[in-house]
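Structure first, then comments.
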Amino acid sequence: MMRMDNIIFIGFMGCGKSTIARALSVELDRIFLDSDLLIETKFKQSVNEIFKNKGECFFREQEQKLADFFIFCQNTCIASGGGFINVKNLEKIGSSVYLRADFEYLKKRLNKDEITKRPLFFDEIKAKKLYNERIKIYEDKADVILDIENKSIDELISELKKVFK
Ligand code: S3P
């Protein structure tokens, strides 16, 4: 694994991409970037409001703009949104780490408040369908797959440090 490569975390809503990317960035002393946060900061609106006011397409365009920027970054840890894997140049950004877990496990981890923040999780049946459509994409696009179920953040970070030492 190249030392200067960006590490980008991918996976379904609730898998802990932001938590793990942030923790690893501290551990490896890298810059931390979070695609959802960058979009929210730009528009001073939550992801939810952006979906409501401007639509999902607009949000996806913003993700693509970020992907076009991330390819010029080095040595960062990036938390992506669950749908970020559909940008056209993901593999150019760096090494993708898929944080994998079953739908039921992810659902259990997201409390009411966390679900309210996620427009594509409001409807559980639709969320499950989206999960099933995406698992293969996550697996195909991942350079590293990390099974996260019943593991602490510390355990996950030490597994990641073995890969990206
Ligand atoms: C989305 C996941 C969200 C956020 C948006 C759309 C998706 O990010 O980008 O609500 O399409 O799966 P998280 O994975 O951080 O919840």
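Cβ atoms are placed via backbone N, Cα and C, with glycine included.
TrEMBL does not curate its annotations; it predicts them automatically.
Checking the candidates Arg118, Arg134 against TrEMBL: the one annotated together with Gly14, Cys15, Gly16, Lys17, Ser18, Thr19 at the ATP site is Arg118. When secondary structure is read from DSSP and collapsed to three states, Arg134 (substrate binding site) falls in the helix class. Take the mean position of the Cβ atoms of Gly14, Cys15, Gly16, Lys17, Ser18, Thr19, Arg118, the recorded ATP site; other residues of that chain with a Cβ within 8 Å of it are Gly11, Met13, Ile20, Ala79, Leu99. Secondary structure at Lys17 (ATP binding site), taken from DSSP and collapsed to helix, strand or coil, is helix.
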